[in-house]
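Features reported for this protein in TrEMBL:
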TRANSMEM  B:6-22  transmembrane segment
TRANSMEM  B:43-67  transmembrane segment
TRANSMEM  B:73-91  transmembrane segment
TRANSMEM  B:118-137  transmembrane segment
TRANSMEM  B:157-176  transmembrane segment
TRANSMEM  B:188-207  transmembrane segment
TRANSMEM  B:233-254  transmembrane segment
TRANSMEM  B:275-297  transmembrane segment
TRANSMEM  B:317-345  transmembrane segment
TRANSMEM  B:366-383  transmembrane segment
TRANSMEM  B:420-439  transmembrane segment
TRANSMEM  B:459-478  transmembrane segment
Amino acid sequence: MKPVYCLAALPVAAFYSGGWLAEHVGTRLAGLPFLMTWNIVWLLLTSVVMVVMFQFDGSRDAARTPSAGTACRDHDGAAS
Amino acid sequence: MNAALAVIAAFLAFALFIGIRARRGRTMSLEQWAVGGRGFGTLLVFLLMAGEAFSTFTFLGASGWAYSKGPPAFYILAYGALAYLLGYWMLPAAWRHATKHHCVSFSDFFATAYRSRALGVVVSVVAVLGMSALLIIQLRGLGIIVSEASYGTIPPAVAIWCGAIAMVLYITVSGIHGSASIAIYKDILILVIAVFLGIYLPLHYFGGFGEMFDRIEAARPGFLQMPTNGLTLSWYNSTILLTSLGYYLYPYVFTSVYAAKTESAVRKNTILMPLYQMVIAFMFFVGFAAILQVPGLSGADSDLALLRIVKQTFSPWFVGVIGGVGVLTALVPGSMILLNASTLIAKNIYRDGFAPQASEAFVGKLAKRVLPVFGLVAVFFVLRGGATFVALALFASSLLTQLFPSFVASLLPRPFGNKYGAFAGIGAGALVLLAAVGFDVNLRTLLPGASDTVASINMGLVALAVNAVTFVAVSILTRSRHVEAGILRKV
């Protein structure tokens with residue numbers, strides 16, 4: 001596994017702690033229900049996390065050079 | 001004829017025109033018809049997936065949930081994001097497999113991954129039933145939207161007929177290209193409408209978002225907190241897990257992946273989707289605004305929250321625009337369901353199950369014949385009720401999530417499992433679901449002494465756990481039997 005993929009744990013941890021935090025930290029955040037603000041912010045950060053992974057996990061380069069893409073495809077993970 | 005009615009009719013006519021025109025310059029082979037010849041770029045795949053994922057549910061359901069249930073509704077924001085995160089790895093792998101094996105339907109994937117036509121047939125039957133439920137929901141939503149937005153001038157039945165006929169026409173002619181071209185307009189429109197309503201209504205009625213929530217809190221103390229029974233925090237967390245795992249296992253969402261030209265088109269799509277999910281947050285604001293403005297909607301009527309507050313606020317022509325956009329939110333997923341269900345029936349149930357010698361051209365023709373019939377059956381069940389069938393279909397749609405263990409195992413870098421495990425796992429999950437739905441078994445009845453935290457865990461997740469354990473156990477057992485047989489022969 002590529003180290004950059006560890007970032008994916010952040011949104012998972014965030015979405016699962018949201019409900020608990022809302023009960024223990026406060027019911028409102030930035031004027032909205034805590035959980036709503038929390039989930040909206042993490043929705044956006046989930047995209048950011050994926051952009052970072054896309055930049056650094058090599059799939060961006062594979063997309064640019066078609067030959068590399070084909071090479072990847074030969075080693076596909078799907079059962080075949 | 002009122003202004004709203006004219007605007008809604010114009011939307012329907014426009015959709016039909018765009019949908020039929022999408023065929024231009026293409027010869028429709030089965031592959032072209034069903035998966036667009038696998039030539040769609042990032043933007044089109046995005047629009048298509050967004051088009052299916054954001055259906056009448058986004059329009060009526062999200063606002064209705066915020067209106068009637070409050071914070072538990074926020075699970076929708078969470079599960080979407082986690083599903084896309086999972087999709088970052090899952091979808092490119094699924095795309096590679098589908099492209100390599102020329103899959104055009106949902107169950108082609110399972111049939112080729114597990115080298116089992118029987119598994120393909122079983123998955124197809126479940127998928128077709130599950131999609132019937134979803135089509136019925138879309139058509140019912142379409143009926144509600146049009147009849148409300150037309151101020152009762154058009155009865156739901158007429159709207160449902162018109163909508164279903166339009167879908168059948170453009171999908172038969174243009175296939176997936178028809179859905180994709182309408183999805184472009186629909187996605188832009190729903191984005192604009194949602195952002196506008198979500199900002200305008202709280203400002204107009206309450207002067208601000210914080211003020212709106214202050215007044216809700218004052219009028220209904222405790223409503224903005226997670227309930228302590230029923231839809232509790234553990235329901236919330238377990239439902240996020242269940243729905244995010246099952247997200248891509250709806251056949252018509254899954255097969256949009258096939259239409260992509262490249263693997264990175266699929267991956268970029270998963271990056272963009274959480275941003276589009278913001279639409280739902282704005283729909284929540286509409287639902288919250290409606291709590292104090294159009295009080296008293298309960299049960300299924302809470303789905304009317306959006307339309308009621310819109311009618312109370314705006315002039316008829318604008319109500320018509322919202323009704324028209326509502327029609328598009330039903331047409332795009334509805335037509336994708338029709339397309340996928342008919343491909344499944346023709347290719348995976350008829351040919352794989354009964355007539356392996358049938359030619360590709362014949363299967364393509366058959367799919368187009370099955371499509372209107374399937375549409376007609378759905379309209380029949382929407383209008384006539386048919387509670388047993390609808391219950392069966394809804395059961396099948398929750399069963400689709402049970403495909404997750406065998407699906408994800410086939411995508412692993414070192415694929416795990418076999419068809420015996422897949423059959424056993426899906427069967428075990430189905431039994432648990434059947435007990436839960438049919439005999440009202442849940443963790444509260446199974447474990448009478450359990451705390452609320454345990455008792456309110458979603459039963460679907462329990463079924464999924466039983467399924468996963470069975471899948472792994474049976475796959476290992478059936479594999480070791482082969483090994484033993486080999487050793488015995490050697491001796």
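Using N, Cα and C of the backbone, Cβ positions are placed for all residues, glycine too.
Within the same chain, the transmembrane segment (B:188-207) packs against the transmembrane segment (B:317-345): three or more Cβ pairs sit under 8 Å, each pair at least 6 residues apart. Outside the transmembrane segment (B:118-137) by six or more residues, the chain places 56-57, 105-108, 110-111, 250-252, 333-334, 337-338, 340-341, 344-345, 348-349, 352-353, 374-375, 377-378, 381-382, 389-390, 392-400, 403, 419, 422-423, 426 with a CB less than 8 A from a CB of the stretch.
The transmembrane segment (B:73-91) and the transmembrane segment (B:275-297) are in contact, since at least 3 Cβ pairs between them lie under 8 Å (pairs 6 or more apart in sequence). Contacts between the transmembrane segment (B:459-478) and the transmembrane segment (B:275-297): absent, as fewer than 3 C-beta pairs lie under 8 angstroms at sequence separation of six or more. Stretch with the most C-beta contacts under 8 angstroms to the transmembrane segment (B:275-297), considering only B:6-22, B:43-67, B:157-176, B:233-254, B:366-383: B:43-67.
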